[in-house]
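Structure, as structure tokens:
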């Protein structure tokens, strides 16, 4: 060790000494090198001294902590034995001492956890990323648990402070006479405290130990930035929690759904502003599309594009807007069912059942073929094919709204066939959502478990068919025994007051929606069946209800189509326009050709002419592909790139749908009926 030190010292001395250096400079360099070398030893000595002093301080603090804990225990015993204190005051003082004990113990645990973490990090391999990731995860979990414990202690201290303030007020009230008003206010205060204790839900304590619950670090952003510049008290900030936004480490944004204090009314101002903005901007966008000859729904989609992440990014409550938009789908399908009577359903039920099934099977077959050629995983090919096989029920319903659909003698109405097939596709949507977990497992399963997966899919299909049978049996019972008396009661009670009629019809629709959802069938099917059951009461009933429900449907449909625009990204479409146009035209042409082929096989010879109109109505991709795509992306079935391609192809196919529909109408529908259809 000494030899090494001398060598390093000689190296330091000899390096700067060249032939031009004089003896005085050499002597200064040597003195500087000796000073540096001695300095290293001094630093090491200082480090050892610091470690010793730190250990002495730590041991002294631990001894002092034990002494304080003993004093606290004695203080707790003294409080419990004090006869001059009330039970409530004893409980408060003991609880305060216990909080301090807990704080001391947690501080000691934090020190030893830090030492254990340092030891674990030193024992690990710095080249092993997995090991470092695990160490980081364990530290993160420890910090989260420590933050939760500290938050709970802070809440307990706030409660203790509140109790102390109340005790001080009680002492002041005892020392002076109270007026009648003060006594009334004191009674009201106590009643309010009891009310808060009764309605308060300990959601945090009840759910923190539930399986699957994770602690997360979040940022809380206040809505009013001026509050940070004002000297607002902490209490004012806490009372403003309802206007805050939480952001986690994955950049997900959250808003308050249920406040701790339910006695104070709160409103989500972000959501209100979003709905107001969509309502105002939808008007000029709808006017513009009407002027250039496009359906108004595309104006609403453009409104969503302008306000969404790819535009002004002014919509804050995207999830809430999409949720409200779902009610637009519910009421749209209710009105579709209202126009689609059971008699017409019986007339085309075979075509409605066979057509979508054949088309889905053919789409999956073509998808697997192309997937094999392009080396795409079978699960991904099946998902994409099934997703693209669905068509948009709300869009076609808008095409058919107000069109003249008188049947020729012995012919089948094209609107009945089209709506029947679309409703069957909605049933397939529910079936596919139910099968998706199995599809996810099939993506990671080995070939030895393929038989089990196929068996599981068959069992799920059997369950869905059983649920459908139960739903239709229930509909038969409702139609025979319940719907007639129910509507007559509503009609009697709603004379001069349409609120009861609207509320009764809406409640019945939601009841059917809930039943089909509980039976694991599509909620949209429940809305359609509710309309079909009410339409069985006659044409006058249908007209009366339609006049009441249509304005509600129209407003909610605006929100729905605007929510679709929130997921349209024009920049991505522009960058990949050539590829997307090719894919969209391929999908539209393939769906049109397959629909024509299937309908040619199952339609009667006298109704073959409607296959062109029905095929044109089915030759686009349903907006529910957004929902399926998002679920598949989260589950790992498809990649981000495939998800964006599905969104873009769906959007472009919906934009092409009006042109294809008009072309089919002009080719196949006679002039008087064409005028009303377009």
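Note that Cβ sites are derived from N, Cα and C of the backbone, with glycine treated the same way.
Here's what TrEMBL has on this protein:
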SIGNAL    1-21  signal peptide
COILED    126-205  coiled coil
DOMAIN    281-660  domain 'Cation/H+ exchanger transmembrane'
TRANSMEM  292-312  transmembrane segment
TRANSMEM  324-341  transmembrane segment
TRANSMEM  353-370  transmembrane segment
TRANSMEM  429-450  transmembrane segment
TRANSMEM  457-481  transmembrane segment
TRANSMEM  501-534  transmembrane segment
TRANSMEM  555-575  transmembrane segment
TRANSMEM  581-602  transmembrane segment
TRANSMEM  642-665  transmembrane segment
>> Using a cut-off of under 8 Å between C-beta atoms, tell me which stretch among 324-341, 353-370, 501-534 contacts the transmembrane segment (581-602) the most.
In response: 353-370
> Taking residues 6+ outside the transmembrane segment (501-534), which of them lie with a CB under 8 Å of any CB in it?
Replying inline: 329-331, 333-342, 345, 393, 423, 426-427, 429-430, 433-434, 463-464, 467-468, 470-471, 474-475, 478-479, 483, 486-487, 490-491, 494, 541-542, 544-545, 548-549, 552
>> Under 8 angstroms for C-beta pairs, at least 3 of them, ignoring pairs fewer than 6 apart in sequence. Is the transmembrane segment (555-575) in contact with the transmembrane segment (457-481) by that rule?
In response: no
> For the transmembrane segment (292-312), what are the same-chain contacts with Cβ under 8 Å, counting residues 6+ beyond its ends?
Replying inline: 274, 277-278, 281-282, 285-286, 318, 395, 398-399, 557-558, 561-571, 651, 654-655, 658
>> With Cβ-Cβ distances below 8 Å as the criterion, list the same-chain residues six or more beyond the ends of the transmembrane segment (324-341) that contact it, or say none.
In response: 275, 393-394, 397, 416, 419-420, 423, 426, 509, 513, 523-524, 527-536, 542, 545-546, 549-550, 552-553, 555-564
